[in-house]
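Here's the structure we're looking at; comments come further down.
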Amino acid sequence: MDITLFIYNIFLIILYTCAIVYSFHLNVCKKQPLYLAINVMFVLFILDNVIIYMTEFFDKFSSFYDLQFMTIPSFKTLIMMSIVIVYFLIQKYTLNKSFTTLDYLMLALLSICVLFIPLALNGALMVWSYYLPYQLITIYLSLVGLKYIKSNSNLLNKNPYMNLYKKILKYTLIFSFLIIIEDTIVIFSFDVYSDILVKINNRSVSEDILTIIYAVYAIKYCSSKINSLLKVENNVSNETKNIDFISSAFYEFVQHYNLTNREQDILKLLLQNKNNQEISENLFISIGTVKTHIHNIFQKVDVSKRNMLIDIYKEFDSDISNITSET
C-alpha cells in the first residue's frame with residue numbers, strides 16, 4: 001500500500017510539473033496573465049500534495065498537522081484560498097470578463113467561513129463545514145462560467161479553445177458534487193475525532209481526479225499554443241527566404257493602401273493561401289478578429305474576394321519589378 005501511494009504521489013507531482021513547464025514556457029513566450037495563473041495553480045497543487053503525502057508517510061507529522069488543523073488550519077487555508085483566487089483569475093482571463101460584485105461577495109463569504117468555522121465548531125462537523133464552502137465556490141464558478149458562455153455563444157466561434165474550457169467547467173461542476181459526497185462519507189465514517197486521537201484522511205480521491213483532468217487539459221492547451229507559436233516562427237523564417245515578402249513590392253503595396261501592422265501580418269498569410277482558422281492560430285487572434293481585418297483589407301484595396309486581392313498584389317509586384325529593372 002505504501003509503495004502504491006508513493007508511486008501515485010510521484011505520478012501526480014510529475015504530471016503537475018509537466019503542466020507547470022508547458023504553462024511557464026508559454027508565459028515566457030506570450031507574457032499573458034492567463035498562462036501565469038495556470039502556472040501558479042499547479043505550483044499550489046504540488047505544495048498541497050506534498051503536505052498530504054507527508055501526512056500519509058510520517059506519523060509524527062500527521063499527528064502534528066491534524067491537531068493543528070483542528071485548531072487553526074492556517075496552511076490549508078492559505079493554499080485553498082490561493083487556489084480559489086487563481087480559479088477566479090483563470091475564469092476572468094479565459095472569458096475576458098471583469099469580476100462582478102457577486103464574485104467579490106462570494107470571496108468575502110468564503111474568507112469569513114474558513115476563518116470562523118474552526119472557532120465555532122468541533123470534530124467531524126467542523127472539518128466537513130470547513131471544506132464545504134470551497135466546493136460551493138467551485139460550483140458557483142462553474143455555473144457562472146457555463147451561463148456566460150451560453151449567453152455569449154459567439155465565444156465558441158471566436159475562440160477555438162472555448163469548447164475545451166466549457167468541458168472543464170462541466171467536469172468541475174460534476175466533481176464538486178462528488179467531492180462533497182466523498183467528504184461526507186470519509187469525514188463522518190472513517191476519520192477519527194476524539195480527545196485521545198485525531199486522525200484525518202487529508203486526501204480526496206475525487207479532488208485528485210479533478211486536478212488530473214485540469215493537468216491533462218492544461219498540457220493539451222499549452223502544447224497546442226506552443227505548436228502554433230513554433231509554426232509562426234517557422235513561417236517568419238520561411239518568409240525571410242521568400243523574395244515576395246522581402247521585396248520592396250510588398251512594402252510599397254502596404255504603404256500604398258495604408259495597411260496597419262496587423263493587416264500586413266494577415267496579408268502575408270492570405271498570400272500564402274491560409275484560411276481563417278490557420279490565420280487565427282498563427283497570429284493568436286480570434287476568427288472574428290481575422291474576418292474583421294480581412295474585410296478592412298478588402299475595403300482598402302477595393303476587392304471582394306481573396307483571389308482578386310492576390311491578382312492585384314501580383315500586378316502590383318510585377319509593376320514594381322518592371323520599374324526596378326528599368327532603373
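Note: Cβ is positioned from N, Cα and C throughout, glycine not excepted.
Residues annotated as transmembrane segment in TrEMBL: 6-24, 36-55, 67-90, 102-121, 127-148, 168-190. The domain 'HTH luxR-type' annotation in TrEMBL covers 252-317.
Within the chain carrying the transmembrane segment (36-55), a Cβ under 8 angstroms from the stretch's Cβ atoms is held by residues 5, 9, 12-13, 16-17, 19-20, 23-24, 27, 61-62, 65-66, 75-76, 79-80, 82-83, 86-87, 89-90, 93, 200, 202-203, 211, 214-215, 218, 222, all 6 or more beyond its ends. Across the residues of the domain 'HTH luxR-type' (252-317), the predicted structure has a mean pLDDT of 87.
Cβ atoms under 8 Å from those of the transmembrane segment (6-24) belong to residues 35-36, 38-39, 42-43, 45-46, 49-50, 53, 56-57, 208, 211-212, 214-216, 218-219, 222-223, 226 of the same chain, restricted to positions at least 6 beyond its ends. Taking H, G and I as helix, E and B as strand and the rest as coil, DSSP gives the domain 'HTH luxR-type' (252-317) the counts 50 helix, 0 strand, 16 coil.
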